[in-house]
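Note sheet for the following structure.
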C-alpha cells in the first residue's frame, strides 16, 4: 500500500483501542488465563494496522502513535509480568455494596480504576512509583498546614504555567518564523558556493539545535499537554492534585547521561520498560541480579524498546522508512554512552582511592565535575541528535503541529516576546517555578 495515508481518525481509533484493551482484559479474566496471552498477540496484530503515515500531523498523531506501541508493553506488564485482576481494583465501597450495586455500575467502577492504574504510567502514590519522580513543588507547602493541596491553588498555578508554555510553543512554531527560516535557507543555498560554513560554525549550530530541542522545546511541549490533562482532571474532580507531580526534574540534574534520562527526563516509560527488561534479563536469560552483564543488558533492553516506540512515531508522523529513521541508532547509542560514562567514573574513583569511592552516590559532585558533565552530555546529545533529527531536516513539512492556533499571528511577535519574558519572571517570583 505504497503512498497510502491513513486518516487521523483511524489512527486515533486504533490508539484508543490499544489503550482500552488491557484494562478490560485485566478485569474480565483471572491471572494466568490463556486469553491474556492471546490478547498480546491480538494487540500486536492491531499495532501492524496503524503503521501507515498520516497526511496531516496534529499533535494527537504523536500521542496516538505512541499509545499503539506503548499499549502492548503495558499489557505485558499488567496482564502477565505483574498481573492484576478485577479484585485488585475493588474499592471498599464497591466490596461492601457488592449485593446491592448494579452489575453494570460495578463493572464501570472497576474498569475506571483499572484504566486509571494503566494511565498512571509513573504509578504515582503506589508501591511501584517510578524512581526519581519529582516531588510536588514547594510552592504548595507554603501556608498549607494540611497535607492535601488546595484544589484552587493548584488550578491557578498550573493554568498560569500552561498559558506561558503555550506562548513559548507558539513563538517556536509560528508560520512567520518558519517562512523566515525557509527564506534564510534558500539564501544560504544560493551563497553556498561563495561562503561555506566552517566546521566550527556548523558545530555551534548543531549544539544550539540539540540544546534547544531537548532542554527547551521538547520539555515544554510534553509538560504543556501533561499540565492541561492535570488541570482538566483536577477541575472535574476526577483526580486529586497530589496525583500530578511535575513531569520533569530540574535541568541542573542533567550532568551525566544517566541523570539526563533517569532523573531530569520524564519517567513515563520507566516502570513498564523496566518490568519487561527485568523479565528478559532475569527470567529468560537467567542473569545474576546486579551483575555487570545484567545491568547493561537491562539498559540495552530499555533503550531498544524506546527506540522501537520512537521508530513507530517516525514511520507514522514523519512518513519515513525504517532505514531512514534515526531512532534506533540514537537510543541504542546511549548503551555505549553509559558504558563510557561508568568506565570513566570508575577509573576516577579508583585513582582517588577510598576517599571518594564510598561517596560516589549521594554526595553532590564538585562544580568543576558538573561543568565537565554538562559538556559531556551536550556533546553526546549534539552528535547523536544529528542522526535522530535527520528525517525532520529532510522533511520540514512533516513537522508536528504543536499547538492548534497561533496567538502571535493576532497580537504580533514583539508583543508575544514581551509577554513571554514578563510572564516568565512572574512565574518564577510569584509561583516559585524552577527550571
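From the backbone N, Cα and C atoms, a Cβ is placed for every residue, glycine too.
Fair warning: this is a prediction, and the values are worked out from it, not measured in the lab.
Positions annotated as domain 'Wax synthase' by TrEMBL: 244-332.
The transmembrane segment feature in TrEMBL is assigned to 35-54 (among others). Within the chain carrying the transmembrane segment (35-54), a Cβ under 8 angstroms from the stretch's Cβ atoms is held by residues 1, 4-8, 10-11, 14-15, 17-18, 21-22, 25, 29, 61, 64-65, 68-69, 71-72, 75-76, 79-80, 83, 312, 315-319, all 6 or more beyond its ends.
The annotation transmembrane segment is assigned in TrEMBL to 60-81 (among others).
Annotation comment: TrEMBL describes 207-226 (among others) as transmembrane segment.
Here the transmembrane segment (296-317) has Cβ contacts under 8 Å with residues 11, 50-54, 57, 61-62, 65-66, 68-70, 73, 269, 273-274, 276-278, 280-281, 285, 287, 324-328, 330-332, 334-335, 338-339, 391, 398, 400 of the same chain, all six or more residues outside its ends. Summarising the annotation, TrEMBL assigns transmembrane segment to 296-317 (among others).
With a cut-off of 8 Å between Cβ atoms, the residues of this chain six or more beyond the transmembrane segment (329-351) that come close are 256-258, 261, 296, 299-300, 303-304, 306-307, 310, 357, 360, 376, 380, 384-385, 387-388. Sequence annotations record features per position, and here TrEMBL assigns transmembrane segment to 329-351 (among others).
Look at TrEMBL and you will find 371-389 (among others) tagged as transmembrane segment. Listed by sequence, the residues of this chain that lie at least six past the ends of the transmembrane segment (371-389) yet keep a Cβ under 8 A from its Cβ atoms are 203, 206-207, 209-211, 213-214, 254-257, 260, 326-327, 329-330, 333-334, 337, 341, 365.
Annotation comment: TrEMBL describes 410-431 (among others) as transmembrane segment.
Confidence annotation: the domain 'Wax synthase' (244-332) carries a mean pLDDT of 95 in the model.
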